[in-house]
Amino acid sequence: MIVIFLGPPGAGKGTQGKKIAKKIDLPHIAVGDIFRTIIKTSTSEAELINNYVKQGALIPNEIVNQVIKIFLLSSQYKNGYILDGYPRNLEQARFFESFIKKAQIKIIYFDVADELLIKRVLGRYSCKNCGKIYNVHFLQPKTDYVCDVCSSNVFDYRRDDNEEVIKKRIEVYKTETYPLIDYYKNSGNFYIVNASKDEQEIENDIQKILKIN
């Protein structure tokens, strides 16, 4: 099974991707995490990508496509995966379908209001050890400064997240991705979830779509 999670930054794709992947025993591939890892390297490619991220602009298709193709054609993903953050536009979708059959794909779109997106993104942080995602407004650890999952007390706050950049990312996302939504609507494998709901309700809705018990 190949599942694509579509939605703007802050829609909850990463949180749900990890949870659903664990339930159906498939890897969760977060494109944003892949590129943040690349940015930490001391390469000219990392510097180039980092410049796009700081401006809130999308990384060019040719860079994204080649990086993702290398990942997806790895043998560890031969049985399927949950793909979070790709494709982002029609060009990427068509490139994706050049090596993945469209009939194998289920697409789930996370629909959520802009105001809530901004609040979610500005408030989110994660455990540096296990990657568990938290939010200062909606989801804090049960014990202050201690991760619920691994008990680490080291957290990672996204330095590229500020309100101006987030607003630009949302607008860029709409311009680039809305035509992709129309493209997938006619596929017969396109579903919409109300991502303004709480975390458990969203998970339940996705499980129904994927027919997970």
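Placed from the backbone N, Cα and C atoms, the Cβ positions cover glycine too.
Lifted from Swiss-Prot, the feature list:
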type	residues	note
BINDING	GLY10, ALA11, GLY12, LYS13, GLY14, THR15, ARG124, ILE133, TYR134, LYS197	ATP binding site
BINDING	ARG36, ALA57, LEU58, ILE59, GLY85, TYR86, PRO87, ARG88, GLN92, ARG158, ARG169	AMP binding site
BINDING	CYS127, CYS130, CYS147, CYS150	Zn(2+) binding site
REGION	30-59	region 'NMP'
REGION	123-161	region 'LID'
*Measure from the CA atom of CYS130 (Zn(2+) binding site) to the CA atom of LEU58 (AMP binding site) and give the result in Å, rounded to a whole number.*
27
*Of the binding-site residues GLY85, GLN92, CYS150, ARG169, which sits closest to TYR134 (ATP binding site) by Cα distance?*
CYS150
*asked:* Going by DSSP assignments with H, G and I as helix and E and B as strand, what are the residue counts for the region 'NMP' (30-59)?
replied: 21 helix, 1 strand, 8 coil
*Under DSSP, the region 'LID' (123-161) has how many residues in helix, strand and coil?*
1 helix, 13 strand, 25 coil
_Using Cβ atoms only, which residues of the same chain lie under 8 Å from GLY10 (ATP binding site) while being at least 6 residues apart in sequence?_
VAL112, LEU116, LEU117, ILE118, LYS119, ARG120, VAL121, ARG124, ILE166
*Could you tally the C-beta atoms, other than its own, that fall within 10 angstroms of the C-beta of GLY14 (ATP binding site)?*
21
_Rounded to a whole angstrom, what is the C-alpha distance between GLY14 (ATP binding site) and CYS150 (Zn(2+) binding site)?_
18
*Which same-chain residues, if any, lie at least 6 apart from GLY85 (AMP binding site) yet have Cβ under 8 Å of it*: PHE5, LYS13, ALA30, VAL31, GLY32
*Which are the residues of the chain, CYS127, CYS130, CYS147, CYS150 excluded, whose CB is within 8 A of where the CB atoms of the Zn(2+) site average out, their centroid?*
LYS128, ASN129, GLY131, LYS132, ASP148, VAL149, SER151, SER152
_Using Cα positions only, nearest of the binding-site residues to ARG169 (AMP binding site) (GLY12, CYS127, CYS130, CYS150)_ = GLY12
